[in-house]
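For reference, TrEMBL has these:
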- 598-888: domain 'Peptidase S8/S53' (DOMAIN)
- Asp604: active site, charge relay system (ACT_SITE)
- 613-689: region 'Disordered' (REGION)
- 674-689: compositional bias 'Polar residues' (COMPBIAS)
- His718: active site, charge relay system (ACT_SITE)
- Ser864: active site, charge relay system (ACT_SITE)
Amino acid sequence: MSEADIVVVQVLVDSEPFLAFENPSQSLHSSKDGGIWMEQCQDVKKHWQSKEKGIPFHRAAAHGNDKAIKHMIDSLERYCKDDIPGKEHHLLLNILRRPDSQSSPRETALQKAAKAEQRNLKTLEVLLVYPDIAKPPDKTFESAVDRGASKVVEALLNHEELRESFVTSNNIIHAMDKIFQKEDGDDRGPGDRISIVNSLVQHARTKEVFNMAVVEKIIGLNLREVWDKRHKDVQLDKSGLLHLAVCHQNLDFVKIFVAEYPDTVSDKAEISRTDGGDHYPLWFHNRKWDSSTSPSKWVPPEERKKVRDEIRNEIVNATIRRTDKMQKLSEILQESAVGELCFDISLFNSKSYLLRDFVHSLVNHRENMTLLKYEPTIKYAKFPAMDLHPDDKEVFGDTVQHDHREVFDVLKWLRADKGVTSVTELTVLDRLVNPHNELRIARCVKDFGVEILNWRFLDLSLSEFDTDKVKPKIRSLHLYASGKRAVMRHWVSEQGLVSFPNLSWVTIHVIQDTMTAEYCQKTCKFLRKKLGRLAKLKNDQMKSFEYEVISQPWNPKHEGLTDLEELAKRAFPKLSHFILSYRALVSRIVEPAKFTPTKIAIIDNGIMSISPAPYDSRRDLKRSQNTGPTRRDNAADIPYLRQQDRNGTQATHNHPQDAETSAAETDDDENESGDSGNPTRLGESKSNQTLWSRIEQGRSFVDNDFQLSPWLFASDPHGTQMANLICAMDPACRIYVAKVMDGRAGINPDRVAKAIQWAIEQKVDIISMSFAMLEKSDDLEKAIKKANADGIVLLCSTHDEGSNIGKAWPADFTETLTIAACDEYGKLHRTTEAGSYQYMLQGLNVAAGVIPFLESTDKISGSSVATAIVAGLSSLIISCIRRANPNQEFVGVPLLNQVKDRLDKMLSSKESKYILLEKFGGIDQKIKSGEPINAEVVLSTKAFIL
């Protein structure tokens, strides 16, 4: 239409606005669409003879004449405002939305303008000045989606008033269904239709609109571009995304979700395709689904197996990397034909063969080679201490005969023969002298994508690790320090730990064999201060991390005091995860008044808890070792987990930098004020958790005519091992040692009675008596009754002599809880009368620790062992109840009843007397489900909240 025509239209509609909305080809009487001005026309027949049928307004819209449309609407708007005030908007909309009776199907001006979009999209924009005309029942949006008119859809969505009507999950799904469909005569391709979906998805800002049905359709059609266009503020239920991708066998989306939501590989989820129930992603992979909507239907049959195998490997590898608990990992993978998940020879300890002989035989083994299969990604590879065997131990000064390559040979064998491409965690306890080649270590870490590295290599250089491929992958790192300042400064420099952007945990082991005790102490202080500052940094280069500094010998000295934390793992494996978590929880207590540790009296043959210390003739240091039981006012930074001074186990030879000691004492880094780490964090300076630090008081009742047998110099390991078990079970308890015999003989009722009375005076909560006597006394009976009346938990052993013994004390007092030993299946260790004990517990071959300076074995058996474990368990119960109920006081008989109630709930059945440690606080259910054992969560349950 020319400019002159536009002027004519403007003149006409300004004069008679309704003319643009009349149908001149129909008479007033023949149709309701006829105009009210038709009767005034001088020659009506000419209207009927015109080739242009229909209403001018609709014809202008169909031709994309935006200027004419604008004049028509402006004139009508003025007319409605002047002549019909108050109702003008309603009338205007009715006129604009009126369909053209001459078209089939009957279309509105908006629909006609939408179809003319290729001529002029401005017409559509002029009409959308009144966006309500596009709302249902208008079909413009629906028609545009069906035709793939992406520009029309975009124009409609530019109006916020229309988005609520058009941006719905059903419309998004409908638009995706149309991607690969074409209307008759339509030359638009999938690109325009995908643009429509993208426009809708970009405006879908709630999870009700962008819901799982939409997500599943995106995955089913493999619309990666659409997924990337989603609004980032939408909070999806991420737990089911990977499961959907696996179900649809969509490799691209499996990779996306594994990368974006890695933890979901070990999450259970329910999706619409299942019959109900939550399952792991791998479960869906092991089922066959209808592939009619899956992207795999476009893949040639010969490629589908390859895709399926890649998906399986992607999930299995991610599951191995992201699942910490081996029990849960086994549960997830149990329905799949998986290979070996780890390589572990850390327990290799042959006296007849060297490690290199074993490795050589392993990598050259050719019999039934398919028997041992590994996953491409294994959870960990662990190697033993390589310099324990006398023939494998080299010393400084000797001529080096050859390079060591045992670990390199094994890793090469794993890659070449077993197809292992990735090792998540690598632990190698290398040699102090002549270890593996440092450059090759860095290469192995790179080749296997190691994320957790613990390679015991003295003063390891971090510069050797690849900045782009190794450092970003390392999440946890162990370093071993000889005390060289240049090395330690390198570790805390820009080229050191700072260059590991994803590091979350660092452990530095300060090796005592390479320095004096004084220098070791200074080195630990230096590192804690430096790491304390570094750990708080958070910038674009690195995130904050946690750390610990440990002073230790190169190889553990087994003659040292028993580490109670390690003993808990060995003696009570099914409860050890809770014990360690509880230990960490208690260590964070900063207000001692809000928590009272359990007090236990151990009546036995005394203790021996002295750690062997090396000689150092050169130094004359102030002794910082404890010379007696640590009192509460001398406690370390952790209120209930005191730290043993580690200086007593230092090496004898001098450190090469001892000449610089005076300089070290004035080192600015050590003496300047400032943060020296986080002293209240448990892991920063890990304690040996020895028995010595847990003793509150002790007293000997072995007093002959002219001598008193000291309680802290036992001549037999029994009492010390009982104390070890108790303290390993409850990491916060305080013990009171009462010695009533030397060795395992000479016990009598009077001594025991005095010991019980002393324990009552100390206000203990528990008295543990791992012994049995053949006689009693009135004083003993009175002491037992007094302790019971005070609510003290009295625990004692059955005799282990079978039916040869009639009565045994204090077991046969009704006030005591008598404990019998059984095997892991609940079978009694010795013949014991059924009514002679209240509980039985696994007490055979239990690790209790080797006691220095005494003839002892690590594992012991008997009812005395079971009694000590139940004493520790009762202590843990009391500690947990007090910790869970800080505002209540628990002493006396009510507390005794609480202990009995918890022990009863741990029985294997109602008819049984067999205590199962894994039923403590209901953690057996968490163990079965593979859930992490968090003490704080367990203590918040009804098992402990009163």
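Cβ from N, Cα, C; glycine included.
It is 8 Å from the Cα atom of His718 (active site, charge relay system) to that of Asp604 (active site, charge relay system).
Mean predicted confidence for the domain 'Peptidase S8/S53' (598-888): the pLDDT average there is 75. A Cα-Cα distance of 10 Å separates Asp604 (active site, charge relay system) from Ser864 (active site, charge relay system). Long-range neighbours of Ser864 (active site, charge relay system) (same chain, six or more residues apart, CB within less than 8 Å of its CB): His718, Met722, Ser770, Phe771, Ser797, Gly843. Residue density at His718 (active site, charge relay system): 26 other Cβ atoms are found within 10 A of its Cβ, drawing on all protein chains shown. Neighbours of Asp604 (active site, charge relay system), defined as other CB atoms within 10 A of its CB across all chains, total 29.
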